[in-house]
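A.B. asks: Can you read through this structure? Questions will come right after.
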Amino acid sequence: MPDSFDIIVVGGGHAGTEAAAAAARMGARVALVSMRRDMIGAMSCNPAIGGLGKGHLVREVDACDGLIARAADHAAIHYRMLNASKGAAVQGPRVQADRVRYRAAIHELLADLPSLEIVEGEAASLRLGGPEGRRVKGLVLADGRMLAARAVVLATGTFLNARLHFGMRHVAGGRVGEGASVPLAEQLRALDLPMARLKTGTPPRLDGRTIDWAALDRQESDADPWTMSPLGKGRVAPQLFCAISRTNAETHAIIRGGLDRSPLFAGVIEGQGPRYCPSIEDKVVRFGDRDGHQIFLEPEGLDTHLVYPNGISTSLPEDVQIALVRSIAGLDRAEIVQMGYAVEYDHIDPRALDSGLAVRAMEGLFLAGQINGTTGYEEAAAQGLVAGMSAAAFAGGTQPMRFDRTESYIGVMIDDLTLHGASEPYRMLTARAEYRLRLRADNAPTRLTGAAIAAGMVGPERRAWFESRMAARQRLEEATTERLSADRMADTGAQVTRDGSVRSLGEWLRFPGVGADTLLALRPALADIDGDIIAEFRTDAHYAPYLARQEDEIQRLKSDDGIALPADMDFAGIPGLSNEMVERLGKARPSSIGAAGRVRGVTPAALAAILVHARRRAAA
Amino acid sequence: MTSTIFALSSGSPPAAIGVIRISGPRAGAALEALAGPLPAPRTAALRWLVDARGDRLDRALILWFPGPRTATGEDLAELHVHGGRAVVAALQAALGAVDGLRPAEPGEFTRRAFANGVIDLAEAEGLGDLLAAETEGQRRHALAIAGGALSRQVEAWQQAILEASARIEAILDFGDEGDVDADEARPRAIADGVAAGIARLLAAPPAERLRDGVRVVLAGPPNAGKSTLFNALAGREAAIVTDIPGTTRDVIEAPIVLAGQPILLIDTAGLRDGDDPVERIGVARAEDALAGADILLWLGDPGAAPDHPDLIRIGARCDATGHRAGVDLSVSVHAGEGMDRLRDLLIDHVRALLPREADLAVNARQRAALEEALEGLHLATSPDALLFAEGLRLARVALDRITGRAGIEDMLDGLFGRFCIGK
């Protein structure tokens, strides 16, 4: 008899842990399968969590009671609010996290979930059943153990046909020091899912004791005591500083001299790399006119001397890496502890997935993280949350939570992935979210926690926190409906023109000259409300006129999303669609006319043809 | 399955030639049914056309255009038949009897061309205008729009805004990480340039004037000679003329063409306070017509002329009353005096109100989208970079509605193609 679970999650990285935890919070019995128990919650690449777009994802996962933000706070040794000087909607919270502390926090959070069991072992193959073997029944481990479950979430990172490149030398494997999981990969290939090849890279790691810190500009942790999650104990770890340096003409000359031994340029690497964090050799080749590129030197933790030089990801040979590092100010005597390398891997084209990250062609199989062509911890965690939640809803027969692109970055990412696929490792950017004025990092709970509670994903502690927060917002709204004159506002100390205008207090809050102090002077009874709730309320007021303008557009989008397209729509049979459109639509299989309109290259004319065709079919 | 449509595409019979068009997946089958084996694509052939019983209908020139590179984007056939009523009717009956064929709805060929991506929305609108064009100016203008002149201009703006967006997005998403040009001046200058261009286009005369004609309204007190002048300009007795004041009760319209310029001539009831309820309604309508006038021909006391930006004060019946002071022009319909000068004057005024040939004129739908784009660009002057970006986004969305669509991915392409971005 196999051990029986509701859900099996394979992989203990950011996607796997969030998936397992989300399903367990919903009451599912979950097996989290990982080759090594102690590697669960490992940060495999850079030591940073958050950033622009990415920080939004972290806050959204947290709003659904996920793990990443609380673990990041426990581990954070440096806090930085990116874009602090720009609009609230594009501010990105980012932390440097101590690896050891991060992993410990994840283990502790998982241990709090009674229905989650960690199973140490290597996933060998899926157990399949149903007609034509198109239904997942469980998992077989390499040592022969059998696990049964109604759904399996694969969050296996870069394990599919992964290859590491150190200069012209290459070895099979996912991360340095870990093997690549091959049999499961063969089985996935046999399913005939569309696949593509991507590459990603990592910089050399430096010994911090050999860096001349005094010669470099320091960047201190933010003084303002914000945290990633509102729950938890705040900032608990000592704060360290980062430093900034730059590459220079000499660095670039060294890189150019080594290009003939770069796997990237010698044609050994075939996978498509990201446009936005290219390797340093890529940057030098593509942007040859620049005299230097910025490098952030980020400490990896409290108990380690390792430093991560963010900005010089490379797969050049060892001697070139040493020379290029030492040509940089402050690093002239730096020792490399581990060389940088590139990883090439296969990923499943996420257009084979539905909006719950379920594989359309295999009932009960869900995919999350790098296997879907994304890069980054935050993107992985957010997908893990979606896949774990969807799998638990599937197994339990409940209604899953839907993430809409007008309401969350998670929704933007899922929509992008399932409609456009990933022609390069997908990274979240605020530019991807057309309605970002409403998708702020500071209002994630307001946007998502209610729906997450309804889906059963939220534990009692956050639920209580959320209810008191909403009650406070309610009080704020009720206390700010009274209409007040400009004179009255100015008399209370607000910096406004006495132009005789009259507005509700809520509307006055959108003016920069009307601060929280004015609000509290007029409404002293609100003094017990948290400053961040008032700040969110003020930001809402600030953007309100623009949000109102977007409302029509969003309604149009939603009505287009409401026109369903049949799952077996034959796009090739619609006259007037180009072959390219037919191919893209066939791969993405948009579920609505709205989604079809977001498939790249689909013109309004083509949309009209699709709509006419769908209507005609419905009428037939 | 798309239906196959047919229609007489030339003017109504009788005419020398009648061109019948067939478009859709069964166009080839229909052509074979009537004319035998398909001729070589895009080559005229002379064939006997027969109906289902084998009866000969007409000897005609036939053309076969296999899709998708056709005017409608579908398989297309043309029958150039003799343009008699009976011939055309017999052929339409024969085509209607072919399985899967039906008569086309109005505009359906163009709609299919649009739905199949052969033309974009602006071009479709231009094509519609071209088919309806009656004057030379209308034709040239419609041809420019159908040929994509407006689409090209809008595309140029879209490209410019896309570049500005890419630049500002780079600053928003990567500005804090070094490695991008944090200077906002360039994208702001681009946005200002586009805003100025759109404002210029919006200031140009609207396309509707070309289509519907410039509204020239004759107004004045009763019995001032308005209807006499109206009939003279219209070249026919469109309005009843008597010596009795208040003869014209309603608004009378007559479309005319002067030197190729489309004009809608409008005669109105004389303006006075009367007791007759019918006349009072007529006066109210006259006042409405006055409010909508592009050009006002005033036939009353020059000093009593209403305020209008394009006013021509006429001294009528100058043969009887003599030349009055304060008028722009004296005319006498009966003596023929001043009429040529009036026509020349009208042509000058009308020309100033119509889009010049080199101008692009926009219709109401396009105007609304452009105004929205301009509003977005005005928001883009906000010092808040985020609102600047939002304004550009609104402008993109609005311009997309005129021709096509530029997705967020296009913007990201622009972003990454132009910048070196460090992580």
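Any Cβ shown, glycine's included, is placed from N, Cα and C.
Nobody curates TrEMBL annotations by hand; they come from automatic prediction.
These figures come from a predicted structure and were not determined experimentally.
What TrEMBL lists as FAD binding site is A:GLY11, A:GLY12, A:GLY13, A:HIS14, A:ALA15, A:GLY16. Sequence annotations record features per position, and here TrEMBL assigns NAD(+) binding site to A:273-287.
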A.B. asks: In the structure shown, which of the binding-site residues A:HIS14, A:LYS283 has the fewest other Cβ atoms within 10 Å?
C.D. replies: A:LYS283
A.B. asks: With a CB cutoff of 8 A to chain B, go through the binding-site residues A:GLY13, A:SER279, A:LYS283 and name the hits, or write none.
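C.D. replies: It is A:LYS283, listed by sequence.
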A.B. asks: For A:GLY12 (FAD binding site), write down the residues of its own chain that are at least 6 apart in sequence and whose Cβ falls under 8 Å from its Cβ; none is a fine answer.
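C.D. replies: Result: A:LEU32, A:SER34, A:ARG37, A:MET39, A:ILE40, A:GLY41, A:ALA42, A:ILE118.
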A.B. asks: Give the residue from the binding-site residues A:ALA15, A:VAL285 that has the most other Cβ atoms within 10 Å of its Cβ, counting over every protein chain displayed.
C.D. replies: A:ALA15
A.B. asks: Given A:HIS14 (FAD binding site) and A:SER279 (NAD(+) binding site), what distance in Å do their CA atoms have, once rounded to a whole number?
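C.D. replies: Cα-Cα, rounded: 23 Å.
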A.B. asks: Once the DSSP letters are reduced so that anything not helix or strand counts as coil, what is A:HIS14 (FAD binding site)?
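C.D. replies: SS state of A:HIS14 (FAD binding site) = helix.
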A.B. asks: How many Å separate the Cα atoms of A:ALA15 (FAD binding site) and A:SER279 (NAD(+) binding site)?
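C.D. replies: Answer for this pair: 25 Å between alpha carbons.
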A.B. asks: Can you figure out which of A:GLY11, A:GLY13, A:GLY16 (the binding-site residues) comes closest in space to A:PHE287 (NAD(+) binding site), comparing Cα atoms?
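C.D. replies: Out of the listed candidates, the nearest Cα belongs to A:GLY13.
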A.B. asks: Using the Cβ center of A:GLY11, A:GLY12, A:GLY13, A:HIS14, A:ALA15, A:GLY16 as the FAD site position, which other residues in that chain lie within 8 Å, going by their Cβ?
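C.D. replies: Going along the sequence, the neighbours come out as A:VAL9, A:THR17, A:GLU18, A:ALA19, A:ILE40, A:ALA155, A:THR156, A:GLY157, A:ALA368, A:GLY369, A:ALA380, A:GLY384.
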A.B. asks: On a C-alpha basis, identify the one among A:GLY11, A:GLY13, A:GLY16 that is nearest to A:VAL285 (NAD(+) binding site); the candidates are the binding-site residues.
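C.D. replies: It is A:GLY13, whose Cα lies nearest.
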A.B. asks: Please report the Cα separation of A:SER279 (NAD(+) binding site) and A:GLY13 (FAD binding site) in Å, rounded to an integer.
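C.D. replies: So the Cα of A:GLY13 (FAD binding site) lies 24 Å away from that of A:SER279 (NAD(+) binding site).
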A.B. asks: Of the binding-site residues A:GLY11, A:GLY13, A:GLY16, which one sits closest to A:LYS283 (NAD(+) binding site) when you measure Cα to Cα?
C.D. replies: A:GLY13
A.B. asks: What same-chain residues, at least 6 away in sequence, bring their CB to under 8 Å of the CB of A:GLY11 (FAD binding site)?
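C.D. replies: Non-local contacts for A:GLY11 (FAD binding site): A:VAL33, A:SER34, A:LEU154, A:ALA155, A:THR156, A:GLY157, A:GLY369.
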A.B. asks: What whole-number Å value do you get for the CA-CA distance of A:GLU281 (NAD(+) binding site) and A:GLY13 (FAD binding site)?
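C.D. replies: On Cα coordinates alone, these residues lie 29 Å apart.
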A.B. asks: Helix, strand or coil for A:LYS283 (NAD(+) binding site)? Use DSSP.
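C.D. replies: Once the DSSP labels are grouped into three classes, A:LYS283 (NAD(+) binding site) ends up as helix.
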A.B. asks: Which site among A:GLY16, A:GLU281 has the most other CB atoms no more than 10 Å from its CB, taking these as binding-site residues?
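C.D. replies: Neighbour-count leader: A:GLY16.
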